[in-house]
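Quick one: structure below, then a few questions.
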Amino acid sequence: MKITNAAFVRSVSDLSDLPEESFPEIVFAGRSNVGKSSLLNSLTGRKGLAKTSSTPGKTRLINYFLLNDNLYFVDIPGYGYAAVSHAEKDAWGRLLAGYVGDRAAIALVVLLLDSRHPAMKSDRDMMDFLAYHDRPYGIVLTKDDKLTQKERTHAKRATESCAMNAGFIVSYSSVSGKGKNELLDHFDRYL
């Protein structure tokens, strides 16, 4: 897959505001502050396309980006962030369950795991949720540049042991771009 253009389309806080299902959607999911926005910016080559923050929980809406005029990248709120109210967590949970569970246009869910803390309980719960809804998914181990080779090997093995249904596992660095071409090649298989 080659990305020639990318643009922000809209943010959605209610399922009734989702765009028409006219293009396939690749959804980016993961814990808060795992690097979803950085990954989107790295993949598209557009540094400020998705807003990044060092503060967890900044993405609170479903954000749509149109790529090549025929594909959506969708950035969804991170899970596992403790500093929001229970009511807000419940609202996010209902929004995401409705979106991921029912949206026919979803071609692939890309589950991002911090390679320094792979396969935490919340990540395993998300894998179970995706399997329950029969959603194809792949895993991206983010922040690869922060690990030694030994730590990378351990992170990949730990992830493989609990991600039996994942279509792929890619180690990725948004800083260096390591893993970018491999990940884009995987996307082609689902479109």
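Backbone N, Cα and C define each Cβ position, glycine as well.
Here's the feature list from Swiss-Prot:
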- 22-191: domain 'EngB-type G' (DOMAIN)
- 30-37, 57-61, 75-78, 142-145, 172-174: GTP binding site (BINDING)
- SER37, THR59: Mg(2+) binding site (BINDING)
Return one of helix, strand or coil for LYS36 (GTP binding site), based on DSSP.
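The three-state answer is helix.
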Which one of these binding-site residues has the most other Cβ atoms within 10 Å of its own Cβ: GLY30, SER37, LEU61, PRO77?
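Answer by Cβ density within 10 Å: GLY30.
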Which of the listed binding-site residues (LYS36, LYS143) has the least company, meaning the fewest other Cβ atoms within 10 Å of its Cβ?
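Sparsest of the binding-site residues LYS36, LYS143 by Cβ contacts within 10 Å: LYS143.
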Within 10 Å of each Cβ, count the other Cβ atoms, then let me know which of the binding-site residues ASN33, TYR172 comes out lowest.
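Selected from the binding-site residues ASN33, TYR172 on minimum Cβ neighbours within 10 Å: ASN33.
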Roughly how many angstrom lie between the C-alpha atoms of PRO77 (GTP binding site) and SER37 (Mg(2+) binding site)?
10
Based on DSSP, name the secondary structure state of LEU61 (GTP binding site): helix, strand or coil.
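The residue in question, LEU61 (GTP binding site), is coil (DSSP, three-state).
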Between GLY30 (GTP binding site) and SER37 (Mg(2+) binding site), what C-alpha distance do you get in Å?
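It is 11 Å, counting Cα to Cα.
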State the mean pLDDT for the domain 'EngB-type G' (22-191).
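Result for the domain 'EngB-type G' (22-191): average pLDDT 89.
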